[in-house]
């Protein structure tokens with residue numbers, strides 16, 4: 001089907017006539033129809049994809065004496081209301097096909113008009129809201145905009161009287177709800193199954209006519225009833241009577257129980273209730289009836305984790321263990337979980353009624369907070385009021401309608417609008433809920449189903465809790481575009497492809513907007529590689545299409561935003577902001593690829609300040625003392641120099657021993673290696689005749705004299721003023737000549753002494769040799 005439905009598909013005149021008749025009729029019922037009610041009746045709007053207009057008239061008539069808020073009609077008009085309620089924005093990402101477009105947002109539509117975009121413009125321009133596409137020049141007949149739709153279908157063959165429709169087919173587009181009405185009409189004499197479970201420690205012996213009273217109460221409700229009976233003795237459940245319409249047998253079994261002499265202390269009430277709710281065939285539960293489980297007890301109940309901690313137990317598996325009409329609670333299993341029991345009761349549409357003694361009423365009322373449809377009645381001392389309590393509980397349960405659905409995946413969301421006969425309306429609730437429903441009065445629920453993404457075909461069930469009537473929903477995805485056949489327009493693709501939804505689908509070996517580029521054996525990966533900054537980058541930064549190995553950037557949805565660059569990596573808005581505007585606004589600067597370029601007279605990373613140097617000038621009118629940059633009328637000093645004017649540097653090394661400062665000082669005293677060339681070798685130092693304030697230095701020259709001088713750094717780096725003290729501090733040294741002469745004389749005397757000592761020793765040795773023996 002084409003993306004634009006022909007007007008002939010919907011008879012607008014007939015629709016308008018029906019709308020007027022409906023409004024006239026409703027004006028008689030409602031004195032002042034609300035705006036919402038009036039808008040519900042809108043002309044039939046042609047649908048782009050579906051087969052035609054569907055009108056669903058499931059509406060609840062107000063009960064006598066009440067002007068109930070009626071649900072809006074579900075059809076094309078209501079679909080238009082749902083559509084208008086959604087934000088009309090199309091926040092598309094990378095979109096190159098019609099399928100991508102309609103999946104990118106619930107308000108996105110696709111223009112299939114030929115040549116709608118220029119040669120070097122991206123096809124993403126084709127994807128926008130319907131309103132924007134019309135403004136861009138796309139005709140209504142060229143707009144593809146499939147909508148979510150519900151198609152109800154009655155199944156009159158089914159034995160179901162209270163809930164309609166029985167079947168609904170949903171076509172769901174992502175994030176776009178499909179709405180339909182479900183009507184519940186409470187019928188009189190609806191069949192019921194009642195199973196009586198007795199768990200009294202002292203049977204009601206004084207009330208011998210209990211069975212007769214119970215049967216009388218049931219017959220007043222409906223003549224189509226089945227009754228069953230069982231009891232609990234200690235931890236054993238005895239299933240006595242399968243659900244039957246044999247009233248005499250029920251009376252007989254009740255009498256046997258009442259005349260029993262065996263006093264007992266019942267336990268495991270919840271365990272036994274699980275068996276009654278699980279063993280459907282054994283108990284005899286019927287379909288298409290209201291199922292009631294009546295528990296009569298004067299004892300509390302045990303639930304999961306109530307067993308002793310020292311006992312090793314296994315969690316209950318909630319299976320049917322009824323054998324030979326008997327079930328014995330096993331100590332191998334833990335007691336029954338309340339949540340498990342509530343789930344099983346809801347699952348099998350069984351509504352419990354707790355008939356308890358006065359001391360147990362509050363205990364069992366807590367159960368009703370967990371079990372959706374349940375009731376509590378307080379027994380008299382002889383239990384003579386049991387029949388009346390059951391009748392009251394039945395009326396309470398049957399007059400409340402809870403509409404719920406089976407378990408769904410996370411991709412499906414369901415909400416309910418309840419329009420009750422008592423004038424109460426509940427909107428956007430997780431389930432439908434109406435109380436005080438009267439016999440033969442219809443109530444309506446509007447059900448809205450939304451898919452968060454494209455889903456697989458699936459089904460689920462909506463049902464009224466406590467009743468076996470259901471609505472079966474078949475869910476189909478609405479994620480494809482059914483565009484007009486444009487195969488004859490092959491010239492657009494230069495004979496190298498076919499036209500689908502207004503754009504070319506090129507044959508193998510060709511690419512491009514009009515299939516104008518030959519791949520020439522190059523793979524698509526190679527061509528796409530030219531559109532990536534590196535291997536880790538997204539093609540065209542995710543903001544353009546790679547055409548013939550070049551990026552064609554998308555047009556932005558943001559007004560005045562431009563996307564550009566070789567890889568579409570740049571734009572004119574992602575820069576620093578000042579006063580809420582990019583680069584301070586157009587009067588201050590402009591943004592180019594993440595950086596602000598300021599207008600004359602402004603500066604700063606966001607052009608946030610006026611250009612001025614007044615606050616950066618020192619007393620000598622030098623900007624930042626030559627050791628920094630002036631930005632926004634404030635100095636940014638070089639490393640080590642301090643604000644505000646970069647004059648001092650406490651952490652800088654001392655310049656005193658610098659060769660450029662020490663040698664000029666020596667030259668003052670006609671000393672040092674640069675004494676003859678100081679004017680050329682030490683240009684960065686200027687000798688001063690008068691003392692200056694600065695760094696005090698003291699150095700020793702080659703003559704051993706100490707020179708004292710003061711250094712003051714001038715504006716800039718490594719330039720100084722130098723003032724040298726006029727006098728040197730010279731300490732008198734030793735007499736070098738005397739020292740040398742003394743050393744020479746000492747050496748000679750030492751040599752002479754050694755010579756005399758040697759001669760004496762020699763003479764002594766000879767004298768000993770010549771002496772007689």
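Even glycines carry a Cβ here, placed using N, Cα and C.
Quick look at what TrEMBL annotates:
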REGION    1-35  region 'Disordered'
COMPBIAS  23-34  compositional bias 'Basic residues'
DOMAIN    89-139  domain 'PSI'
DOMAIN    97-481  domain 'Integrin beta subunit VWA'
DISULFID  101-138  disulfide bond
DISULFID  111-127  disulfide bond
DISULFID  454-697  disulfide bond
DISULFID  479-483  disulfide bond
DISULFID  501-540  disulfide bond
DISULFID  517-531  disulfide bond
DISULFID  546-551  disulfide bond
DISULFID  548-583  disulfide bond
DISULFID  591-596  disulfide bond
DISULFID  630-635  disulfide bond
DISULFID  632-678  disulfide bond
DOMAIN    668-735  domain 'Integrin beta subunit tail'
DISULFID  682-705  disulfide bond
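Broken down by DSSP into helix, strand and coil, the domain 'PSI' (89-139) contains 17 helix, 5 strand, 29 coil. For residue 551 (disulfide bond), the nearest neighbour among the disulfide-bonded residues 501, 540, 591, 630, 632, judged by Cα separation, is 540. DSSP classifies residue 540 (disulfide bond) as helix under the three-state reduction.
Only 531, 546, from the disulfide-bonded residues 111, 531, 546, 591, place their Cα within 10 Å of the Cα belonging to residue 540 (disulfide bond). Of all the disulfide-bonded residues in the record (111, 138, 483, 501, 596), the one with the smallest CA separation from residue 632 (disulfide bond) is 596. Other Cβ atoms within 10 Å of the Cβ of residue 548 (disulfide bond) number 15 in total over all chains.
Counting neighbouring Cβ atoms within 10 Å of each of the disulfide-bonded residues (483, 546, 705), the lowest count belongs to 705.
Look at the disulfide-bonded residues 101, 531, 630, 632, 697 and count other Cβ atoms within 10 Å of each Cβ; 632 has the fewest. All chains included, 19 other C-beta atoms sit within 10 angstroms of the C-beta of residue 517 (disulfide bond). Residue 517 (disulfide bond) and residue 583 (disulfide bond) are 41 Å apart (CA-CA, integer value). Of 127, 483, 591, 697, all annotated as disulfide-bonded residues, the residue with the shortest Cα distance to residue 101 (disulfide bond) is 127. A 10 Å radius around the C-alpha of residue 548 (disulfide bond) takes in these disulfide-bonded residues out of 111, 127, 454, 517, 591, in sequence order: 517. Reduced to three states, the DSSP call for residue 551 (disulfide bond) is strand.
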